[in-house]
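The block underneath contains the structure these notes are about, expressed in structure tokens.
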């Protein structure tokens with residue numbers, strides 16, 4: 001992602017599909033809302049990408065080339081038409097065999113052949129229809145894979161059910177009356193009924209249709225089909241029975257001479273009364289075959305009744321429990337929308353979200369994952385999410401251990417189009433990583449909204465608010481169906497603190513990334529106020545404020561300082577951001593730091609101020625700026641700089657200072673001039689340089705009653721008299737008492753700073769003073785020289801983090 005901002009407007013780089021601000025009011029946003037992206041027609045055809053899959057084509061609804069998408073509206077119309085032909089075949093074939101004496105009328109024969117022709121076309125068409133792999137849930141469009149799958153599954157049965165056995169029998173025998181073999185082979189046409197089952201299954205999950213009426217129609221269809229088949233079979237037995245006068249049809253006078261419709265109605269009447277266990281007895285079995293058939297039929301009815309009354313209840317409640325809950329939630333949501341008169345945009349968003357959640361439950365299986373051991377759960381998260389997390393700029397170069405900790409706490413979510421994932425100015429509770437889909441960045445100002453750009457696979461958002469502990473700067477809204485990984489901000493911060501090296505790497509990535517966004521306005525940063533001191537800033541950003549100055553990003557530095565981050569924070573060498581900016585020549589950063597009230601007089605562990613860093617680095621413009629501010633608060637600043645240059649015998653720096661207009665006879669805080677220091681140190685080159693530039697050589701020996709060297713010694717003696725004496729010991733006081741340590745301490749004069757005290761202790765005891773902690777006799781840590789009194793006992797603890 002690459003954002004470029006200017007004072008008047010924002011432009012986005014090409015890799016984010018830049019476009020100018022298009023501003024519109026909130027009401028206009030609803031009016032311009034694209035309903036097609038949330039169309040219920042399209043929602044019923046969505047295929048969710050598997051977890052962790054980024055490169056997934058969401059244009060699967062449309063067919064391309066020779067391959068037909070199973071979700072294509074035209075193909076679904078074809079499927080519905082084929083279901084109507086299946087219903088025709090299922091009704092006509094038993095009727096022809098039973099009532100037309102296996103000699104169908106010419107019109108029905110033509111219709112049957114036309115229907116078979118359509119099914120033959122469908123067989124050919126199936127070789128070009130993509131399918132959803134049951135294992136990966138991906139849409140397979142490869143022609144070879146489609147052909148292999150079809151040939152290895154339903155191809156043979158589809159061909160067998162399409163063969164016109166009656167026409168073949170007529171060609172072989174020369175008669176239209178078919179034998180029992182052809183009749184049995186014709187039963188293969190019932191194989192087509194699976195299409196009806198698939199249609200009902202799909203319609204039950206389509207929220208555009210009433211689930212109740214779809215289920216009722218499905219049960220009614222099953223019942224009527226079985227009644228029709230049983231009636232035709234019962235009539236067929238009577239019609240083919242060799243002994244006329246001994247069949248159930250004899251109960252109706254002149255039954256064989258009545259019309260075809262009367263005979264069919266009588267057969268259906270018997271079938272229904274028998275199925276419903278009414279059994280009036282007017283049409284009863286008259287021979288053994290009929291008795292056997294009725295017995296079998298009654299036994300079958302027992303199972304069918306149990307299916308309709310008992311098992312179907314359990315099947316609907318248990319087998320379709322998720323669907324029922326889904327439909328109930330849809331109905332409740334619709335009632336809620338209507339009752340509260342919500343706009344159509346919100347209604348579609350609610351329904352779209354609920355549909356996607358229903359579909360995503362079968363992919364997430366979170367309830368199953370929660371039951372697994374932690375080790376297996378981590379392995380699953382590693383396999384699903386780690387490749388996506390490794391692409392994120394924030395985690396470049398981070399150790400695998402930290403990445404595994406992060407992915408173990410990530411949750412996958414599917415978000416529908418036009419859904420606000422993060423709202424502007426909301427608390428930074430979560431960070432999101434985009435696995436698939438697109439997310440728009442929207443800046444809301446009053447009632448105006450500006451689309452700044454688009455984030456895609458591998459991008460992260462919400463991290464600025466999380467790491468800077470401030471409200472979110474923008475609204476992040478999905479542009480298309482998106483799979484996101486959600487990570488709690490609190491866990492991200494905790495994980496960053498586990499390993500200091502990884503913490504520094506992530507913050508470095510963060511700062512370098514936003515350096516590319518050179519004028520990035522990250523909003524009015526604010527420190528968290530949860531009952532804590534508001535002056536305390538988050539360590540994960542404050543400790544790396546110097547890194548911002550190192551990049552020279554004055555705009556980001558300004559925004560961070562607005563968040564009340566201290567401009568005087570120091571690194572391990574005591575350098576402040578002003579030291580770094582002055583030494584590197586970043587004038588803009590220097591001006592920003594001065595604007596936020598930084599302390600110009602802070603010195604690092606070597607005693608160097610930012611002014612000294614600027615002059616030795618030859619950044620004279622920065623030196624003049626700093627000197628102007630420093631001279632206002634400290635009239636001796638010029639003398640201090642000249643004396644420091646004289647003490648170090650740095651002729652080049654002395655020349656540079658004099659060129660900047662500093663008075664060569666200016667005294668430092670101790671009333672000593674640079675010439676006096678040079679003479680005391682016996683540095684003749686420096687003395688000659690100062691004398692050449694007009695230093696007052698007369699007052700050098702007439703100043704009071706001392707020579708320059710004597711005066712320095714007198715000053716040092718006076719300072720020593722003012723300082724107290726302290727006893728220093730090595731080790732923690734509690735540990736020394738536990739070990740009954742009798743190691744003697746050392747009595748020293750209290751130096752002016754805590755760093756000097758540590759340095760002296762290191763020289764006395766032979767350790768690195770910068771890596772120690774100073775405590776009193778009770779073990780309380782001392783972090784200021786002002787709290788130390790005369791005759792205090794101080795203890796130095798080595799290798800402790802300060």
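Note: Cβ is positioned from N, Cα and C throughout, glycine not excepted.
Annotated features, as they stand in Swiss-Prot:
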DOMAIN    725-802  domain 'KHA'
INTRAMEM  266-285  intramembrane segment
REPEAT    540-569  repeat 'ANK 1'
REPEAT    606-636  repeat 'ANK 3'
REPEAT    637-666  repeat 'ANK 4'
TOPO_DOM  1-79  topological domain 'Cytoplasmic'
TOPO_DOM  101-109  topological domain 'Extracellular'
TOPO_DOM  131-153  topological domain 'Cytoplasmic'
TOPO_DOM  175-183  topological domain 'Extracellular'
TOPO_DOM  205-218  topological domain 'Cytoplasmic'
TOPO_DOM  240-265  topological domain 'Extracellular'
TOPO_DOM  310-802  topological domain 'Cytoplasmic'
TRANSMEM  80-100  transmembrane segment
TRANSMEM  110-130  transmembrane segment
TRANSMEM  154-174  transmembrane segment
TRANSMEM  184-204  transmembrane segment
TRANSMEM  219-239  transmembrane segment
TRANSMEM  289-309  transmembrane segment
In the predicted model, what is the mean pLDDT computed over the topological domain 'Extracellular' (101-109)?
-> 66
Between the stretches 80-100, 154-174, 184-204, which one has more Cβ pairs under 8 Å with the transmembrane segment (219-239) than any other?
-> 80-100
Surrounding residues of the transmembrane segment (154-174) on its own chain - C-beta under 8 Å, 6+ positions past either end | 104, 109, 112-113, 116, 119-120, 122-123, 126, 182, 185-186, 188-192
What are the DSSP helix, strand and coil residue counts for the topological domain 'Extracellular' (240-265)?
-> 14 helix, 0 strand, 12 coil
Sort out the residues at least 6 away from either end of the intramembrane segment (266-285), same chain, that have Cβ-Cβ distances under 8 Å to it, and list them.
-> 98, 223, 226-228, 230-232, 234-235, 248-249, 251-252, 255, 291, 293-294, 297-298, 301, 304-305
